[in-house]
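The active site, nucleophile feature in TrEMBL is assigned to A:CYS86. For A:HIS196, A:GLU198, the entry in TrEMBL reads active site.
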Amino acid sequence: MKSAVVVLPGLNRDRDMIAALTKIGGKPPLTIWQTDTEIPDVDLIVIPGGFSYGDYLRCGAIAARMPVMRAVAEKAAKGVMVIGVCNGFQILVEAGMLPGALMRNASLKFVCREVKLQVANANTAFTRSYSAGQIIRCPVAHHDGNYFADPETLARLEGEGQVVFRYAEGTNPNGSINDIAGIMNEGGNVLGLMPHPENLIEHAHGGSDGRGLFESVLGEQSRILTEA
Amino acid sequence: MNDLSVITKISVASMIKARVTVTLKNGVLDPQGKAIEHALDGLGFSGVGSVRQGKVFDLELEGTDKAKAEADLKAMCDKLLANTVIENYSVTIT
């Protein structure tokens, strides 16, 4: 399993993501820069969180139109797995790789806290290490995580099992429609989520509920490597 | 009149000025507009039925072909200036 992390100006969770992929996957991911137009042969591309291009215009809007994102879209079309976390999710939505939009939090406040997530679909490449309906802890840190989609799109997402994570037990931090925290594309190989599973992977983080996502994606091999 | 002012006048004459207005679609929740509405109420401006916040872009385009400018501006809106999932836009050439 070869992975890569996209690094853009203004992203600040790239090192956390690289650490998580290294610790759970057993080897460090490649890094891809904003101007790269070709991405090496990898099985997984991760777009981490932060404030790419200062969140100018709309969160993720500028990043989504950089050359590297055309290359990411080409890889995704060939079936390469793509995960966007937080600003990465916003970038995927702005790039049209995932449906809907992420708007300003309903509270208008930046939220930085822990929420409960329900694994809404455990039958995906991203969540198979979890059980269906499992409730996990996960940190969030964002100002624009209020997921919105028109009624037809929403019905399709719900009907096709594309809602992967939901805020559970009244912890919706942003007013997201249907408590949506993470969705995947129709092909099941592109996932976007607002919470930060990479920040809850080991004892020092106060828990490891986020590991399941990485273990699901990185496969059986990773589970053996990270027993402890 | 010196040479520089002549150049400036020529360049102004061959520019098209345009204003792009981007607003949230009906039915899309606008928490910022709501907050502004409450603040106006707090300032004593009663009777403000609703506030919707949007964005304005003033652009200067080279050339004199207004039809082409309008087509270009619409393409800019579709590709970048507006997120058409949640926003409408209008283009005015001045």
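Here the Cβ of each residue, glycine as well, is placed from N, Cα and C on the backbone.
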Same chain, 6+ residues apart, C-beta under 8 Å of the C-beta of the residue listed as 'active site, nucleophile', given in sequence order: A:ARG13, A:PRO48, A:GLY49, A:GLY50, A:VAL140, A:ALA141, A:HIS142, A:GLY145, A:LEU193, A:MET194, A:PRO195, A:HIS196
Under 8 Å by Cβ from A:GLU198 (active site), same chain, sequence gap 6 or more: A:ARG13, A:ASP16, A:MET17, A:ALA19, A:ALA20, A:PRO48, A:VAL85, A:GLY210, A:PHE214
Number of Cβ atoms other than its own within 10 Å, given for A:HIS196 (active site): 22
